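A.B. asks: Below is a structure I'd like to ask you about.
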Amino acid sequence: MNTPDQSQLGRVSGYADQYDASLLFPLPRQPKRHEIGVTGTPPFFGADLWTAFELSWLNLRGKPQVALAHITVPCETPNIIESKSFKLYLNSFNNTRFADAAQVQTRIRTDISEAAWRGSDRQATVGVKLVLPEMFDREPVQELDGLLLDRLDVECTHYTPAPELLHANHGEAPVTETLTSHLLKSNCLVTGQPDWGSVRIEYSGAQIDQSGLLRYLVSFRNHNEFHEQCVERIFMDLWTRCRPIKLSVYARYTRRGGLDINPLRTSHPQALPANVRTARQ
């Protein structure tokens, strides 16, 4: 089983420019899920939506080609893909010749699927969509919808996760709300480098105290964990402490190394959102 300290994070790495799928470094989801009380089938659905902004290869005549890539990794895969290894893997396409973009897309889908499902009896594919330059002007920028929590003038004193700040009013009629914040910040599990994100929380049930929720989100500020793990922690803290009927937690993190990761976790199956970047991305 791979562990984060075995990855290339925080190390000086050489950059292969010839295709090499072995650069991908999957990490099991379960150890971090165990920390938040998820020991069997997770009580959530969803996916990790990746955007790759630095993808290039050569055509059969040696001419460079470029594209964006949208990659969708279901959260039921046993592994996440460590992001630096993903970057190194994509860089290995740089001087490799492919017949066309479809061949590149198929290659990425095959490799990411194998890494994400490695070690599992179940095998499935991840979603991969390439956006070619003639379609770049159709890539929108859109902010997360919902009532902005950041408008609240709260005093913040907790900078490591403090789920005790979460409260819901179970004595009143249930509500349906969508709340957002741009103040989510955590740190890379291995390097401690800052990760900046915006988060959207949609729920139905007892009304969640908004001031406490904002202070709780701020409490991730000095916490070291990968993006996917932070979102699952937020989901589980809200699910167990506020006991909503329905819950969705969706975060969009700023890019690093030409990649952004945008995890979604929901209590009920639902269609995935379009992978649309925000202004900060």
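Here the Cβ of each residue, glycine as well, is placed from N, Cα and C on the backbone.
So Swiss-Prot says this about it:
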type	residues	note
ACT_SITE	Cys188	active site, thioimide intermediate
ACT_SITE	Asp195	active site, proton donor
BINDING	Ile81, Glu82, Ser83, His227, Glu228	substrate binding site
BINDING	Ser83, Lys84, Arg256, Gly257	NADPH binding site
A.B. asks: Any idea of the Cα spread of the NADPH site, Ser83, Lys84, Arg256, Gly257, as a max distance in Å?
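C.D. replies: Largest Cα to Cα distance for the NADPH-binding set is 9 Å.
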A.B. asks: Taking Cα-Cα distance, which of the recorded positions Ile81, Ser83, Cys188, Asp195 are within 10 Å of Arg256 (NADPH binding site)?
C.D. replies: Ser83, Asp195
A.B. asks: Take the C-alpha atoms of Gly257 (NADPH binding site) and Ser83 (substrate binding site) and report the distance between them in angstrom, rounded.
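C.D. replies: About 8 Å separate the Cα atoms of these two residues.
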A.B. asks: Taking the recorded substrate site as Ile81, Glu82, Ser83, His227, Glu228, identify the other residues of that chain whose CB atom sits within 8 Å of the mean position of the site's CB atoms, giving them in sequence order.
C.D. replies: Leu27, Asp48, Ile80, Phe86, Phe226, Ile261
A.B. asks: Need this for a regression test: recorded positions Ser83, Lys84, Cys188, His227, Glu228, filtered to those with Cα within 10 Å of Asp195 (active site, proton donor). What's left?
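C.D. replies: For Asp195 (active site, proton donor), the recorded positions whose Cα atoms are within 10 Å come to Cys188, His227.
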